[in-house]
Amino acid sequence: MAGFVLQRLMQAVVVMLVMSALVFVGVYAIGNPIDVLISPDATQDIRAATIARYGLDLPLWEQYFAFLGRVLSGDFGTSFVYGIPVTQLILTRLPATLELTLTAIFGATLVGVPLGMYAGYRPDRIFSRVVMGLSILGFSVPTFWIGLVLIFVFAVDLGWLPAGGRGETVSLFGVEWSFLTLDGLRHMLLPALNLSLFKFAMMVRLARSGTRETMSSDVVKFARAAGLSEWTVLSRHVLRLIAIPIVTVFGLELASTLAFAVVTETIFSWPGLGKLVIESITALDRPVMVAYLVIVSFVFIAINLSVDLAYAALDPRLSKGRS
Amino acid sequence: MTGPILRVRDLTTRFRSRAGTVTVVDGVSFTLDRGEVLGLVGESGSGKSMTGFSLIGLVDEPGRVEPTASVELDGRELVGLAEPEMRALRGRRISMVFQDPMMTLNPVLSIGDQMGLVIAAHHRMSRADMATRAAEALTRVGIPEARARLDAYPHQFSGGMRQRVAIAIAILNHPAVIIADEPTTALDVSIQAQILVELQRLAREDGTAMIWISHDLATVSTVADRVAVMYAGRIVEHGPTTAVLSRPRHPYTRGLLDSLPSRGEPGHDLAQIPGAPPSLAALPPGCAFAPRCGHADAACGVAPPATEVGPRGWRCHHPLEEARR
C-alpha cells in the first residue's frame, strides 16, 4: 500500500512539472502583457524599464525557472490588475468556490444516491419514475437557464431568497466563509442548487443502474436466502457493490466543479475562482491565469489520488493486487 | 418430534404477464424426513431451481406461488406467510446454497462481515460471540485456521473453499432444511467430491435434511436417499435413488440415464433424448414429454395420472417394465 501511494505521489510530481511548463508556455504565447501594464503613449524608456522589471526580456526558459522557483516558495507574483499578490487574491476567492462546490456536490450525492438506489430497487413505482424524470431534466436543461429560472422564481417573483452575492461572512482560519451565517446560507442556497442539479442527475442514474444490476445478482439472492432484511441487503451489500463508480464520478465532478463553476458563479455574482479566472482572461492578467491553472492541476491530481486510495479501501481485490 | 420435517403439497408457481401465464412449477408434492437427502433432477428449465426458490418464498416478480399450495416446515405452513415471518425463517430454519461460489459471496465484504450479517439477521449477540460462531461454522466445513480467515475476502479463497464458506453461511443458524442448488456444478471434479462428502457429513451429524438440486445424475446417485425427476415443472418420477436409477419407470428418466457417458458402451454413439425441452409457455396438452417420447401414442394427449406403488411413483401412460433394463 505504501509503495502504491509513493508511486502515485511521484507520478503526481511529474504531472505537475509538465503542467506548469505547458501552462507557462501556453500563457506566454498569448498576448503581450506590456500592453496591459502601461499606457500606449508611454515613452520607450518607461516601456523598457517595465519590461526589465518583470523580467520579460529574459529568454523563455530562464523566465520559466524563475517562475518555478517562485511557485515552489508559494509566490505566484503580483496580479497586474489588482496589484496584490496572486496567492492572497486566490485565497480570498477559493473559500467561496470551495464552500459552494462542496455543498452542491455533497448535497447531490447524499440525496441522489439514495433516490437512485430506490429507483433501481423499485423501478415500477410512480415515485421512481418521478425521480428519473427529474434526472433527465437535470441532464438536459442547461445550467445557465435553470440558474436564471431560479432567480426569476425565488428571488424576483417570490422574493424569498437573494439573487446574488455571498451575504454575511464569518472569518475562520483567516478567510471569509458564508456557510457559517444564516444570511450566507440563504445566499448559497440558489447557486448550490443550480450547481448540484446536473450532479444529482448523474448520481441518480449511476445509483439506479448499479442497483438494478446488483439486485438480480446471486449475491443479493444468497443474502435474501440467508434471511437478511431488504434494508440490510441494500445498505450493506448493494451500496458497497455500487460504490466504486459513484466514488469515481464524485471525484471527477468535485474537481471539475471546483475549477469550472464559472457559469453559476457568474449568474449569481458569486465571487469565486471561476469568476476570477474569466475576469483575468479578459484582462490578460497573466500571473492570475498561471496560478489558477497550476492550482487547478494540483486539485485534480490530489482528488484523483484520493479517489484511487478510496478504491483500494472499497474493493479489497485492488489493494491486495497492488501491495 | 416425529413426521417429516418438510411436507410439500401441490406446489405451483406461475408467472403472469401480458404475454400470458407460464407455469414453471406445476403441482409438485413431496415429503422430506429429518436428515434425508432428496435429489431433484432434471434438465435446465425443468423448474427444479424455481421449486427451491418457491419453497423459501423468494420467487421474483411477477412470479407467484399459488395460494392453494402447501409447504409445511416442521408443521408450520409457509405459503401465505407474511414476509417478515418468512424472512425470520429463511437462513435460520431453511437455507439455500447456490451454484457458483464466485457469484454468491460479496467480493467487497470480508467473510466475517458477511457471516456476521447473517447471524445478526436472526440473533442478538456481541461481535465476539458472532466471531466465535462464524469460526465454528467455518471449522465444521473443513476450513483450517477459521478465526484468522474471518478477516479474509472471498478472492483470497479458491473456488472449493469459497463454496465451503457459502455452506458455512448456510449452516450458521443450524437450519432444519438446506436447499442445495447445483452446489458442485461450478467446481472441479476432485473438489466436487470433497464438497459432496462435506455436505453429506453435515446432514448426517446435524440431522439436517437436504434438497439436492442437480442435472447431474452421477452426483445425485451418490448423495441422495431418494430422487425426484422433474420435467416441464412436474415431478414425473420419484422413489428411492437406487430403485429409480437402476429400474426407471418413466421413459424420460430412462433417457436421462442413457445420456450418461459412463453408461454407454465404449465406441458406440451416446444415446440422446431427441428434441429439446418444451417452452413452458407452449406446453403440449397431456404429457409434456410425449413429443420426445418413443412410447407416446394417442393416450398421451391426456395428462397421465400419478401412479403410486409403495415408495415409488410416476406419471406415465406407458411406464417401462420393472424388469427391463
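Keep in mind that glycine also has a Cβ here, set from the backbone N, Cα and C atoms.
Annotations in TrEMBL come from automatic prediction, not curation.
Annotated domain 'ABC transmembrane type-1' per TrEMBL: A:94-311, in sequence order.
Only residues 6 or more beyond the boundaries of the transmembrane segment (A:12-31), in the same chain, are considered here, and those with a CB under 8 A from a CB of the stretch are 60, 63-64, 67-68, 71, 284, 286, 289-290, 293-294, 297-298, 301-302, 305. Residues or ranges marked as transmembrane segment in TrEMBL: A:12-31 (among others).
Through the fold, the transmembrane segment (A:100-121) approaches residues 127-128, 131-132, 135, 179, 188, 191-193, 195-197, 199-212, 215, 230, 234, 238-239, 242, 246, 250, 253-254, 257-258, 261, 264-265, 270, 272 of its own chain, all at least 6 residues removed from its boundaries and within a Cβ separation under 8 Å. Among the features that TrEMBL reports, transmembrane segment is placed at A:100-121 (among others).
Feature annotation from TrEMBL assigns transmembrane segment to A:133-156 (among others). Note on the transmembrane segment (A:133-156): residues 112, 116, 162-164, 190-191, 193-195, 197-198, 200-202, 204-205, 263-264, 267-268 of its chain, located 6 or more positions outside it, place their CB under 8 angstroms from a CB of the stretch.
What TrEMBL records for A:188-207 (among others) is transmembrane segment.
Taken from TrEMBL, the feature transmembrane segment applies to A:241-270 (among others).
Marked as transmembrane segment by TrEMBL: A:290-314 (among others). Nonlocal intrachain contacts for the transmembrane segment (A:290-314), taken as residues 6+ away from its ends with a CB within less than 8 angstroms of a stretch CB, comprise 1, 4-5, 8-9, 12, 15-16, 19-20, 23-24, 27, 67, 71, 76-77, 86-87, 90, 94, 240, 243-244, 247-248, 250-251, 254-255, 258-259, 273, 276-277, 280, 322.
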